[in-house]
Amino acid sequence: MTQPHQHSVEAGARGGETREDVARGQAAALLRENDEQMKRYVDILTSVGVTRGLLGPREPARIWSRHILNCAALCGLLPQGSEVIDIGSGAGLPGLVVAIARPDLRITLLEPMLRRTTFLGEVVEELGLSGRITVTRGRAEDCTGAHEIVTARAVARLPRLLEWTVRLIAPGGRLLALKGDSARNEIDEAAPLLRASGLVADVVPVRAHPDAEATNVVTVARAPRVRRR
């Protein structure tokens, strides 16, 4: 039986186009009127971000394919008008990418390191996002309150991430964690805590663009609160 064609950034690179050229074009198609704002963020991230040690020196060459499209893949899983808290925001991946791509969202960028929150605050101000984006210095395990959506990327393996965030997931809310090929194994590792907390986890492959490489997102859902009549 013939296997279905696997679309990817690499598969789309033809006629002398590089992987980054293709990824950049896919991002532009996704972002439309928000493309210039994302480009400005990328310019800051690949210059000031590298200088300040927030982005590795090898990453600018693959910023669109490895980072921007990967983070933007979350957008399709976020309900309209959601309030989101992004854990361990770092240089803004995925929080700022999602904020730019989805102007309907209100997002808190939570980051414990001062140099990173300083950078995030400067970028939010530069991009004119301060009306709906809040930068907070702190750790997830010290936070209070429950949130509709909790996001994370490259923060910790799922068992540790859940220890830090389980209290932050509101009834009916979800944790969305960007993961690689280890996604299913991490769910198995976290099974005891998932059961004890009444949470349900799954792996959802998503794409920021129909021809982009799939990204694995671990979704961890808490059941809605039952209303008694």
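Every residue gets a Cβ built from N, Cα and C, even glycine.
Automatic prediction, not curation, is the source of TrEMBL annotations.
The region 'Disordered' annotation in TrEMBL covers 1-22.
Within the same chain, residues at least six positions away from L93 (S-adenosyl-L-methionine binding site) with a Cβ under 8 Å of its Cβ are H67, C71, R153, A154. Residues or ranges marked as S-adenosyl-L-methionine binding site by TrEMBL: G88, L93, A140, E141, R153.
The binding residues for S-adenosyl-L-methionine are recorded as G88, L93, A140, E141, R153; their greatest pairwise CA distance is 20 Å.
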